[in-house]
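A.B. asks: Take a look at what TrEMBL says about it:
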- 8, 9, 10, 11, 208, 209: ATP binding site (BINDING)
- 52, 117: substrate binding site (BINDING)
- 3-265: domain 'Aspartate/glutamate/uridylate kinase' (DOMAIN)
- 376-436: domain 'Aspartokinase ACT' (DOMAIN)
């Protein structure tokens with residue numbers, strides 16, 4: 001055990017001076033919280049703007065030769081106000097002026113977007129009395145813009161080995177030539193995970209504005225139970241089907257060393273949150289861990305007698321979707337039929353063409369299309385060991401008078417995916433939730 005906790009705070013946790021004060025209190029409660037990863041300031045209220053959005057706007061205006069002073073002033077006022085609320089004697093305006101000049105002189109989109117985290121890092125380090133380490137010094141990208149894992153691990157290990165406490169801005173790093181590169185949006189989660197990996201932390205805490213993951217979407221189910229524990233694999237399944245609190249790429253660096261991630265609430269620090277752990281953990285007594293889903297899929301059902309005896313039948317089907325640049329979400333099959341599930345947004349304008357190409361290449365007996373479909377994933381590592389899970393799910397849907405259009409279950413039995421009509425989506429999730437909780 002290294003007695004190190006890496007801590008990432010999201011934009012809502014650092015939106016103003018009052019939130020910074022909460023963050024300082026959280027950090028001071030545990031001396032193991034040694035490496036802190038801040039995001040850029042988020043929204044203070046529903047009508048507010050995230051600083052990163054404003055920075056992107058500045059870059060867009062500047063790149064078209066338009067005046068961005070008005071937008072930049074909003075950014076400047078945010079940071080000046082935070083420093084004033086915290087009674088900090090930082091010459092934040094000189095940093096802001098330098099950034100503004102760089103944007104005016106043609107700074108890249110990634111550089112511009114990254115300055116929100118950069119400035120918040122400087123302010124937070126000063127407020128905590130921690131060392132500030134610019135992420136560009138330790139987070140490496142290749143010249144083609146892809147993340148350089150090996151070089152980053154070395155730099156993090158060497159750069160932090162003699163440092164007790166530090167603030168490292170999230171979201172960005174640099175190429176060998178010092179050009180700034182950002183991760184995809186929400187990438188501060190990834191930075192925190194990379195640092196946790198590099199210092200072999202005991203835990204990676206990710207503080208946000210919710211007390212961890214919920215078993216189901218609170219916009220669909222009233223007051224759903226929190227998930228106390230979820231495995232990396234379960235989280236991947238739930239995230240893939242729409243659940244979101246953590247950037248999905250943030251799982252991989254910590255998973256390598258089995259470092260747990262704890263999702264916590266800055267505004268309710270007493271809540272335990274959700275612990276994301278390795279797969280070798282006790283199973284949820286209810287058999288399922290979570291329910292998530294997405295709407296708006298189209299299902300193309302292809303029937304052909306003895307299709308399984310044609311060695312290249314599946315390859316031909318897949319090739320039609322590949323050549324039309326359409327992603328396949330699922331492809332369940334039976335002895336004489338196969339269903340291809342695709343996002344409606346990707347196929348809507350190409351549907352006739354795709355069907356015609358399948359007819360020519362595969363010579364099927366019949367093709368049917370089913371638009372306006374939704375997929376619901378019921379996820380839980382305990383499903384394989386718990387009898388009656390499937391029966392409970394389908395009984396609940398039957399009682400709610402919901403027609404199950406499709407059932408997909410992998411060999412690992414980590415999840416069951418159910419296809420229903422878009423109009424039944426919310427009702428189906430409610431019905432499944434109620435039968436287990």
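Glycine is no exception: its Cβ is also placed from the backbone N, Cα and C atoms.
TrEMBL entries are annotated by machine, without manual review.
Keep in mind that this is a model prediction, so the values were computed, not measured.
Help me understand the surroundings of these features in the structure.
C.D. replies: Non-local neighbourhood of residue 209 (ATP binding site): 10, 12, 13, 265, 266, 267, each in the same chain, at least six residues away, with C-beta under 8 Å from its C-beta.
Sequence-distant neighbours of residue 52 (substrate binding site) (same chain, 6+ residues apart, CB-CB distance under 8 A): 11, 40, 113, 116, 185. Following the DSSP three-state reduction, the secondary structure of residue 52 (substrate binding site) is helix.
Each residue in the domain 'Aspartate/glutamate/uridylate kinase' (3-265) has a pLDDT score, and their mean in this model is 94.
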A.B. asks: Taking the Cβ of residue 8 (ATP binding site) as the centre, how many other Cβ atoms fall within a 10 Å radius?
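C.D. replies: Cβ-Cβ neighbours of residue 8 (ATP binding site) within 10 Å number 28.
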A.B. asks: Determine which residues of the same chain, besides 8, 9, 10, 11, 208, 209, have their CB within 8 A of the center of the CB atoms at the recorded ATP site, and list them by sequence.
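C.D. replies: Here the nearby residues are 12, 13, 14, 39, 42, 188, 206, 207, 266.
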A.B. asks: Could you state the whole-number distance in Å separating the C-alpha atoms of residue 8 (ATP binding site) and residue 117 (substrate binding site)?
C.D. replies: 12
A.B. asks: Work out, from DSSP, the number of helix, strand and coil residues along the domain 'Aspartokinase ACT' (376-436).
C.D. replies: 26 helix, 15 strand, 20 coil
